[in-house]
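Below is one structure; the comments refer to it alone.
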Amino acid sequence: MNNTSISDKKLAEIQKILEISPMGAFQADTVGNCLFLNRQWENISGLSVEESLGKGWMSIVYEDDIVLINNLLKDVMAEGKEIFDFVYRIHHPSEGLRQLKVNAKFIFDDYGVISYYIGFLEDITDRTQSELAFQEIKQNLERSNLILDVSQELSTTGGWEFNLLTGEVFWTKQVYEINGVDEQTFVPTFEGVLSRYEEGYAQIMEQQVKEAIEKQIPYDLELRLCTPAGVRKWVRAVGTPIVADNKVVVLRGAITDITQKKEIELELLRAKDIAEHSAKAKTDFLSVMSHEIRTPLNGIIGIANLLKLKHTMDQEEYVRSLIFSADHLLQLINDILDLTKIESDKLELVLAEVNIFELVRNIKNQFKSLAEAKGIVVKSFIDDDIPQRLIADPVRLGQILNNLISNAIKFTESGAVTITLSLVALTANKANVHFSVKDTGMGIPEELHETIFESFKQVQQDVHRKHTGTGLGLAITQKLVELHDGRILLKSTAGQGTEFYFELNFDLATDENSPGTFRPGPEITVYEGRLKGLRILFVEDNPINVMVAKNQLEYFGSVPDCAYNGKEALALLNDNQYDVALLDLHMPEIDGYALADLIQQQYPGIHIVIFTADIMTEVKLKLAKMHIFDILNKPFSPERMFEVLYNVAKNRGVLI
C-alpha cells in the first residue's frame, strides 16, 4: 500500500493553503472530530468555524446521513482505500436543505496507521437539482416520444417535415407505413410525395403547398393516394409553414389515414341517399294511392249520400250498408296515411284557441245515435276548474278522443262509456288536464296490455271479425298523445271493462298569444236550399264526381256551372260571374295550381276552394303559400262541403 505520512510542519503549511481555497476544506480524525475548517465552510454551511469544530458540524447534518458517513468511513478503511468521496445532506440555517459532496484523502503516520483525513467540500445542491431536472425532462421527453409513437400507431397518424432550403423531406415511421413504402430503402422527396396522390388530388395538394409558402398560411385537406401495391387510401394532410426572416423555410405537418372513417361517411351518405329515395318513393306512392283510391271513393260516397236524400223504403238498408262500407274503407285509408305521416315525423300539431268543453260536447254528440242504437249511455264529466281558453290542436285532440270513444262503444254491448276530464295542476300560464275514457265492455286481458298499442293489433281475431276495425286506432292514438308530450295508459281486466287515460299540458290562451280560435262547423241539420243565390264554378275532370257534386250543390240551392278542365273553366269565367271556384288539383292541360293562380290574378273577387284526393302535407303547404286555406279532402261528405260553402256565403252576404 502506498501510505502517505506528513509532518506537523508540513500539515500547517497545507492548512494555510487550504485556508485560501475557494472550496470548503477540512481535517478530521477517524471518529468524526473536525480538527480544521477553512472560512469557506461558513459560506457553505451557515455555521461558524468555531462552533463547527469537534463534532459541532454534525448538528446540521441529517441524522440518517451521520450513520451513512460513519458506515462509509468504516468500509473505506476496511478496503484500504486512500482516496474516497461521498455526498451528505445538511440543514442550512437560512437556505434549508443543501447537498454537499466530499472528496477526501487519508493521511498515515510513519507506521502506516491512519492519523486523520483531509478533504474538500462542495455545495452541489443547484447542480444536482439541474441534473435531476434534466433527467426528468429527458425521461418526460422519452415518455412523450413513446406515447407519441404509440398514439401515431393507434391513430394511424405520422409526422413529416419539408426543408425548403435543402429540399430534404423527413418522414416518421407511420408516414412510410401509410404510403406503403419501406423505411430503409425509400427516400422521400416532395415530387415523390405528389406522385402518390391520385389525379386531381395531386394538383390540389400542389396548389395548397404553393399557397402555404407564398401566403404563409396552413392547410388541411382530405385527399386520395395510391400505394405502390395499388391500395387506395383516404388521408388527411395537414401542413403548417415555419417562417424565418419573413420567409417560409420549412413546412411541417402530419398525415392521417382516414380510410375507415371516410368509408363510413360515404356509406352513411349512400344510406342517406337510399333512405331519402325510399322516403320519396313512399311519399310518391302514398300520394298516388291517396289520389287513385280517394277519387273513385269520392264518387261512391257521393252517390251514396245522394241516394240517402232520395230513396224508397226498400232501399233504406242497402243505402245504409253502402254508406257504412264506404265510410269504413275511408277510415282504413285515413288511418294508414295518418300512421305513415306520424312515423315519418311529417305530422305537426296545428295550434288554435280551443274551448275544451265545446270540443267534448261536439264529439259526444257525434256518437249519440250510434250509442243509442246499441243501448249504451255516453256520459261526460268535465272539471269546472279547467280553463275554457286553452291552446291545442283541436283536430288531433279530437282524433284522440274520437278513437278512444269509438273503440269503447265498439267493444261495449251494454252499460256506459264515460268521458272524464279533471284538472291536475294550474299555473299562471299552463294547465295540466287528466283525460279518461272508461267503458263497461269486454275488457282486455292483462297479457295483452303491452301489445294493444301495436299497429294492426286486435284483442282477438274472432272479436275483430265481429267488431270491424283497422287495428290502427290505438296505435295512432298512442302516437298522437306522445306528439303532445304525453303518455297513454290503460287499466283493464277481461270481462270488466277498460279505462284509457293520459295527461296533457296546455298553454292558457290570452288575447296576446291566441293563434286564432277554433270554432266547430255551423249547427245546421237542414241543408236543402240554404245556399240559394251562391254562384259556383266547379272544375273537375272526373265525370262521376262532376255529376255527384252538381246534384249536391243544386240540392243546397246554389247555381253551379261545371267544367271538365282548365280551358273550359277559363271560357266560363270570361262569360259569367262567380262567388266561388271549386277546383280539383289534378287535371290535364291546366292543373288546379295554375288555374287557381290565374283566377287570383284575373278574378281576385272569386273565393277559391280546393278539393283533392292528395292530402299530403306538402300540398297544404304549397296552397298555403298561395293563400288558399279552404280544402276539401276527397272523399268529402255533403255536410263538410256545405260547411265550407256556408262560411263563404255568410262572409259574402249572399245567404237567404
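Glycine residues also receive a Cβ, built from the backbone N, Cα and C atoms like all the rest.
The domain 'PAS' annotation in TrEMBL covers 10-80.
Taken from TrEMBL, the feature domain 'PAC' covers 84-136 (among others).
For the domain 'PAC' (219-270), the model's average pLDDT works out to 90. Among the features that TrEMBL reports, domain 'PAC' is placed at 219-270 (among others).
If you look up TrEMBL, you'll see 288-508 marked as domain 'Histidine kinase'.
Taken from TrEMBL, the feature domain 'Response regulatory' covers 535-649.
Taken from TrEMBL, the feature 4-aspartylphosphate covers Asp584. For the recorded site, Asp584 (4-aspartylphosphate), the DSSP three-state label reads strand. Other C-beta atoms found within 10 angstroms of the C-beta of Asp584 (4-aspartylphosphate) number 27, with every protein chain shown included.
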Counted with DSSP (H/G/I as helix, E/B as strand, rest coil), the domain 'Response regulatory' (535-649) has 56 helix, 24 strand, 35 coil
Taking DSSP H, G, I as helix and E, B as strand, the domain 'PAS' (10-80) contains 42 helix, 11 strand, 18 coil
